[in-house]
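Here is what Swiss-Prot says about this protein:
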- C106, C111, C117, S352: [4Fe-4S] cluster 1 binding site (BINDING)
- 122-341: domain 'Radical SAM core' (DOMAIN)
- C137, C141, C144: [4Fe-4S] cluster 2 binding site (BINDING)
Amino acid sequence: MFGMLRALKTHVEVPIVVATRAASTNAEKLEEIRERLAKGPNFQDFVQNPDNSRSEWENYEGKLRREKGEEQRLRLPPWLKTTIPVGKNYAKIKAQMRELKLSTVCEEARCPNIGECWGGGEHGTQTATIMLMGDTCTRGCRFCSVKTARKPPPLDVNEPVNTATAIASWGLDYIVLTSVDRDDLPDGGSKHIAETVREIKARNSNIFVECLVPDFRGNLECVETIANSGLDVYAHNIETVEKLTPYVRDRRAHYRQTLQVLTEAKRFNPNLITKSSIMLGLGETDEEIESTLKDLRTAGVDCVTLGQYMQPTNKHLKVIEYVTPEKFKHWEERGNELGFLYTASGPLVRSSYKAGEFFITSILENRKKRQNATELSKE
């Protein structure tokens, strides 16, 4: 996993004025969201390392791309070097994870942003990404460092309650629930994930919940279970361009299947924000990235993140290219032009990166205020 717009069925007797009014309302919402985001901090405030000025990476003379057949690994450029995570909140969350036997993708996937996310960072939005259903995946994607097995241990029936209890005590603003793939289970673990969402919301309805979920092998009943669980953001990563998908992802993961999952999630629950992520540096071309972004927009995806692929161990795919911050900025601008609610694009950006969660929180809070105002006007 880590990392198709079907038309809604309508009846001909529905008056055109209803559709027109709905379209107008959606346009107003979109404009208001854009305005709100414009007033907030720029995305570069989150991803730019203050110790690395523009001139430093512009003048970098190291090699950024491996040639075909070349075996030697590329040297890590300066803009990808991060500090060791520290801080009270970081230590608190890590300790409680151990106590409750919970896994986080932040640790399992060796995310470079763990200290900033768990600690709250400059903008104070504390986030964490919990990995449900254990630390062992039934798939073997060539970019991912999570353990794999054909038949992982059984699910922990106490995990939904333990997870919700921990999250409620942390005082987080935004939580991301992700999971390993569990192809060994009839429902892929979808009911387990949905139960966890409901437990979290029962304890604190103000926490925004994002679920970064598997494709469930295209099983739409599983997609519907998650979409209607009470979550706020439905995320499923396309990971790479179509041409590289068979080479990068597990053979059971398919590019078009991912697009269908994202499309159907929105159909099952039109109020959801949908989100996906693309890794760069695996040998893709600009034309292929452009095509992937357009496919995601056609699938109705609201938010997209683009980040640098980093080889987790010597056993995984080597980095073909280190993409410059300037190029990531280009894709951020291109994503905005294509109509995504936000495009998070930077070398250290990951699908669960806290800056993206800050922006999505703004969107969700805005929606909640509009909904409350509408309810008050009816009274």
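Using the three backbone atoms N, Cα and C, a Cβ is placed for every residue, glycine included.
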Exercise for review: Would you count the other CB atoms within 10 A of the CB of C137 ([4Fe-4S] cluster 2 binding site), including those on all shown protein chains?
Suggested key: 25
Review point. For the domain 'Radical SAM core' (122-341), what's the model's average pLDDT?
Key: 92
Point to revise | C141 ([4Fe-4S] cluster 2 binding site), number of other Cβ atoms within 10 Å | key: 23
Review point. Just counting, how many other CB atoms are there within 10 A of the CB of C144 ([4Fe-4S] cluster 2 binding site)?
Key: 24
